[in-house]
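Worksheet: one structure, shown below.
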Amino acid sequence: MAASIIFFGFLSLSFSFALASDPSPLQDFCVAGGDGNVLVNGLACKDPKSVQASDFSFSGLHMLGNTSNAVGSRVTAVNVAQIPGLNTLGISFARIDYAPAGINPPHTHPRASEILTVLEGSLEVGFVTSNPENRLITKVLQKGDVFVFPINLVHFQRNVGTSNAVALAALSSQNPGVITIANAVFGSNPDIPSDILAKAFQLHKNVVNSLQSKF
C-alpha cells in the first residue's frame, strides 16, 4: 500500500511538472502563415515543402531607430510577426535605441525573461521584485555589459550617457508581449475610473484626469 501511495504521488508530481512547461515541438519547425485548421501556438503552419529561407530571416537591425518621441527610445522587435519561422521555437529578439536621457519606460513581458546586451553607450537598468518587498535591483551598464530581467517583473532602461545608446535583447518567447505600466494604467480603454487610480496612487482626481489625458 505504501509503495502504491509513493508511486501515485510521484506520478502526480511528474504530471504537475509536465503541465508547468510549454510542450516541446514534435516536428523540425512550424512556420506560421499556413491556411490549415490545425493551430500551433495560435498560428497555422505552412506546408514544410513550401518553406523558404526568408521564413527564418529578418533584415534591418543595423538601422538606427527613430527616438523622436516622448520617451526618447525606439524598440525594433523581431518576433514571430517578423520571422514566421520562430513559431514554436520559444525565442525572439529586439534592438533598442535610446537618445541621450531617453528611457525604455517601466514595463513587463508577461511571457518571457529577457537578457540585454549594451552595444553602444551607458544604460542604467533595473527591475523591481514582487510584493511585499518591491526591491529595486539596478545597475549602470557600459558597452559589452549584459543584464537579465526575470519574467514578468517590472523593468526599465535609461540612457545615462551624453550620446545615443544601443542595446540588443533576447527574450524567451516567440511572442513575449509587453505591458507598459503607464500606458496600461492611465491609457486603458475604457479608462479605469479616476477615483480608483486616485486612491491607489494617493493622488487628487484632477491629477489622475490630467495623466489619463496624456495617454
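Using N, Cα and C of the backbone, Cβ positions are placed for all residues, glycine too.
Please treat TrEMBL annotations as automatic predictions, because they have not gone through curation.
According to TrEMBL, the features are:
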{"type": "BINDING", "residues": "Asn104, His109, Glu114", "note": "oxalate binding site"}
{"type": "BINDING", "residues": "His107, His109, Glu114, His155", "note": "Mn(2+) binding site"}
{"type": "DISULFID", "residues": "Cys30-Cys45", "note": "disulfide bond"}
{"type": "DOMAIN", "residues": "59-209", "note": "domain 'Cupin type-1'"}
{"type": "SIGNAL", "residues": "1-20", "note": "signal peptide"}
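A map of TrEMBL features onto the structure.
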residue : record               : Cβ neighbours (10 Å)
Cys30   : disulfide bond       : 25
Cys45   : disulfide bond       : 22
Asn104  : oxalate binding site : 26
His107  : Mn(2+) binding site  : 19
His109  : oxalate binding site : 23
Glu114  : oxalate binding site : 22
His155  : Mn(2+) binding site  : 22
Query raised in the report: For His109 (oxalate binding site) and His155 (Mn(2+) binding site), what Cα-Cα distance in Å is obtained after rounding to a whole number?
Result: 9
Query raised in the report: Apart from His107, His109, Glu114, His155, which residues in this chain have a Cβ no more than 8 Å from the mean position of the Cβ atoms of those residues at the Mn(2+) site?
Result: Thr108, Ala112, Phe127, Phe149, Leu153, Val154, Pro176, Val178
Query raised in the report: Can you list the residues of the same chain, besides Asn104, His109, Glu114, whose Cβ falls within 8 Å of the oxalate site's Cβ centroid?
Result: Ala94, His107, Thr108, Ala112, Leu116, Phe149, His155, Ala169, Leu171, Pro176, Val178
